[in-house]
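Novice: These came from TrEMBL, pasted as-is:
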DOMAIN    87-191  domain 'P-type ATPase C-terminal'
TRANSMEM  119-138  transmembrane segment
TRANSMEM  150-171  transmembrane segment
């Protein structure tokens, strides 16, 4: 592991030693920045995003974490005694740090699986609809006449694009929460 304090981080960021820092952090399993200013926190997140081209997640519980949360791809705010500024600036909010594991491993897995299924669903729904219109044009001699009434087309898209996402979003759980918490490596399967 690597622990960097704010004073050292200031020397690294102002001295142009970012590349060497990133080279060192790649060899570590964990990197901890302590006593860092809000600006330093956001600069580290931006540095990691820009240089390593990875997705970043920032977690904070106070007003001093707002810039870091906003600089990350995904921000999680923890409502605490320091106020609600981090929660207001974040993408997701939790009440305690202990809920982070369930948010990432369970709800993250379910959200990823649901979104993947819905993208495939929309793709095939539109392929079927366009194929139907394409083959109808051969039947009517490419006259440009419509196959279905305007209202039928509206209801087709209404029912086939609004009802399934609501049902998938509320009911689809490919693996139980207990299994996902017991086997964290299942999170990697979707990726």
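Positions of Cβ are set from backbone N, Cα and C atoms, glycine also.
Describe each of these features in terms of where it is and what it packs against.
Specialist: Sequence-distant contacts of the transmembrane segment (119-138) (same chain, six or more residues past either end, CB-CB distance under 8 Å): 147, 156, 160-161, 164, 168.
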Novice: With Cβ-Cβ distances below 8 Å as the criterion, list the same-chain residues six or more beyond the ends of the transmembrane segment (150-171) that contact it, or say none.
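Specialist: Tertiary neighbours of the transmembrane segment (150-171) are 114, 117-118, 121-122, 125, 129.
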